[in-house]
Amino acid sequence: MAAVAADPAAAAVPASAEDRDTQPEAMPDLDEQWRQIGNGRERPLRAGESWFLVEKHWYKQWEVYVKGGDQDASTFPGCINNAGLFEDQISWHLRERLLEGDDYVLLPAPAWNYMVSWYGLMDGQPPIERKVIELPGIRKVEVYPLELLLVQHSDMETALTIQFSYTDSVELVLQTAREQFLVEPQEDTRLWTKNSEGSLDRLCNTQITLLDACLETGQLVIMETRNKDGTWPSAQLCGMNNIPDEDEDFQGQPGICGLTNLGNTCFMNSALQCLSNVPQLTEYFLNNRYLEELNFRNPLGMKGELAEAYADLVKQTWSGYHRSIVPNVFKNKVGHFASQFLGYQQHDSQELLSFLLDGLHEDLNRVKKKEYVELCNGAGRPDLEVAQEAWQNHKRRNDSVIVDTFHGLFKSTLVCPDCGNVSVTFDPFCYLSVPLPVCSRRVLEVFFVPMDPRRKPEQHRVVVPKKGNISDLCVALSTHTSVAPDKMIVADVFSHRFYKLYQLEDPLSGILDRDDIFVYEVTGRIEPVEGSRDDIVVPVYLRERTPSRDYNNSYYGLILFGHPLLVSVPRDRFSWEGLYNILMYRLSRYVTKPTSDEDDGDEKVDEDEDEDVEDDSSSEEEKEEMSAPTVNDGTREAEQEQAGTSSGVTERCPSLLDNSLRASQWPPRRRRKQLFTLQTVNSNGTSDRTTSPEEMQTQPYIAMDWEPDMKRRYYDEVEAEGYVKHDCVGYMLKKSPVQLKECIKLFTTVETLEKENPWYCSSCKQHQLATKKLDLWMLPEVLIIHLKRFSFSKISREKLDTLVQFPIRDLDFSEFVIKPKNESSPDLYKYDLIAVSNHYGGMRDGHYTTFACNKDSGQWHYFDDNSVSPVNENQIESKAAYVLFYQRQDVGRRQSQTSSSDTPASPVSSSTPNSDIMDIN
């Protein structure tokens, strides 16, 4: 769809206020726009309807515009631009791993049509239309349809890429293949799929959906046509079976089996390998004890289907007959019952583990009919009595191998801050999610721009408090630069313009590591007061005129370039000519002044114009004062910054409407050659020709407009981009390792509830921000410890790569369990490590692997999808450790005694650890 833009130079200049006067369809007022789009987004999903993707950044800009209530505001978003959602502008394929809310928003067709009619769509960009599909228990917009490669058995080299919905049937794929390959109606055909192991599987049931058939994007689908003699070509084709050739005669160690990555399913493989190496749970499935306890009628379960799928997976991995298996059937079952795991996006191994443990518990719950149980209230009774009652009540509704193996008991203590009322409850848990001690400091990389134009910008790395303000950044930078903190202003520069001008009280949490932060040296007051004699701060952009191809080079657009400036102008020199001279001085390091010959050769003034030009007969002293700002102690006092928002300072700034600027004109009436012209613009750098300076209700921005020839002759781009690195650039914040027990201790410390989650005090009869403390009362046979490496806040997300040191053996919990020691054995507190789920990478991408100890051999192995290799114990501890599995020592001893009487397991492979694979820190 072609762009609908009001301004002929829309491709060269960002949309400005005047653009809206020539839109193809009259816009409703902003409140009506907000109402129509808001109502559309609240529309419920209906299967088969079309929804459209809109790039999040453009949509947020639109929200700022309509919420501002000013239809002529500088925040006008321009044409809809979805460029950030595409891999390229040739195939227009959608980028992978886009997330709703982070990268895009969804609009129903009516709302999308409104948006396009009001703002237009960027030239050449196709609309991103997606359909709503009906899945088990949920409707969702299918942002990533299934892409299959269709080939004929007779021509395996020519593949067609066709998109299908996951809810389409296999029959539709067959019919599409017949149409694409021009198969005659009377000819018989059938389909095969090639899996990641290279083997071919027949798609027998054509009535099932592609989701149920476990097909995935990029998978090869082969259509074969029956021969004229009635035979099928597959009789002669090698590999038309379900068993990979490499596994036909394989015999290996049970449990040493990889899992094929189906496409971003390493998180699932990691969780499965950890759980598969929990000895008592695996024996439970291998010995078919689960068959007697399958609960097909539990409304909270999956009718036994999840347990059966997991049992099949365990039996295959522990058969010893496979180097690796393809867990597509299990993946399909998980997606069928938990829509969040549908498709092939990356997920969290701990989240899948939580779902799997809960699902297996409900599928294997021995309680067929759950009775109503009242919550256990302490009411001043002894903890031992209340805890025993709470555990019995839990077992009356929840009794399974999962409870036997993984469930423990918390003691939760809440104290009202007003009346001192204490509430004690005992709650079951399946795993511990323990926090990591967080460093209170962070390192920010910034560019310091000194006032002296002879000095290049300096790159600095400064250590600041994580919860500090912009003023803390200025103080830290002051120690490197010897410039007072009150003579600095911090700005976020993006795409050659000021994205945000920070105030001193703004929090540092608003600065992301990827932001380009510039700190400008200034003088005087940051916020001039009307009537004061402080300098006036003017944001300045650099723009270059470029001819527009659409108008045979007769129309010029303007493109921003270089780094923006914040220039302080003395009030007595606040005129166009004074500003020009100050800018020439500020840019003197990389802008060359024209010589006298160039001035004379380029200056041609018409006689009529001469009559209007004042005689340039000022004294040499006056000219010197005009062309070179004064310098005191090597620095210029005429520079001052003013902080604001990304759309400029929102309050009226009287100092910028000084009468001297109103009365002055551009260009100045003098003969000296001008390298650039000046004009007021909005915060986006777009010319606002309809508004004069005296009419500006917000702080004006100034643009320096360069002709291409003048820029080429006098502007040194290499020098302009130059900077120096301060000695502090090499500084790295050292992170000391923490002990696992520190995390557990932090988990059991007293905390105050957040405002979003208050507690209702039965004594005060109102919600209170009570203090809460969790203590460990009873520990399970297998303790799962989840290290909370992912930190979330309202404006940022990060992964903590702190090294957590954890013991392989003899992890003693006796200091954390508060149950009276005379009521339990000391052996119930010591644990040995049996598995670790690792995560490498960042927040939105990464890779999961597993370390696990084989229950039969005691040998540790490294599982990386379908690759498995033995490792030494000293290789297990790393910054990637994410979920730890510990087994109680008394349970391990019982299993060792049992296994010693059984038939010995197959010997461990004699291969040695692969150092190349394990060198991953």
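Each position is counted from 1, following the chain as shown.
Placement of Cβ uses the backbone N, Cα and C atoms for every residue, glycine included.
Listed in Swiss-Prot for this protein:
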REGION    1-29  region 'Disordered'
COMPBIAS  1-16  compositional bias 'Low complexity'
DOMAIN    28-133  domain 'DUSP'
MOD_RES   Lys194  N6-acetyllysine
DOMAIN    257-889  domain 'USP'
ACT_SITE  Cys266  active site, nucleophile
REGION    593-668  region 'Disordered'
MOD_RES   Ser596  phosphoserine
COMPBIAS  597-624  compositional bias 'Acidic residues'
MOD_RES   Ser692  phosphoserine
ACT_SITE  His847  active site, proton acceptor
REGION    893-921  region 'Disordered'
COMPBIAS  898-915  compositional bias 'Low complexity'
MOD_RES   Ser906  phosphoserine
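Under the three-state DSSP scheme, the residue listed as 'N6-acetyllysine' falls in the strand class.
If you take the C-beta of Cys266 (active site, nucleophile) and look for same-chain residues 6 or more apart in sequence within under 8 angstroms, you find His847, Tyr848, Thr849, Asp865.
All protein chains included, His847 (active site, proton acceptor) registers 18 other Cβ atoms within 10 Å of its own Cβ. Neighbour list (the residue listed as 'N6-acetyllysine', Cβ cut-off 8 Å, at least 6 residues apart, same chain): Leu200, Gln219, Leu220, Val221, Ile222. When pLDDT is averaged over the domain 'DUSP' (28-133), the result is 88. Secondary structure from DSSP puts Cys266 (active site, nucleophile) in a helix.
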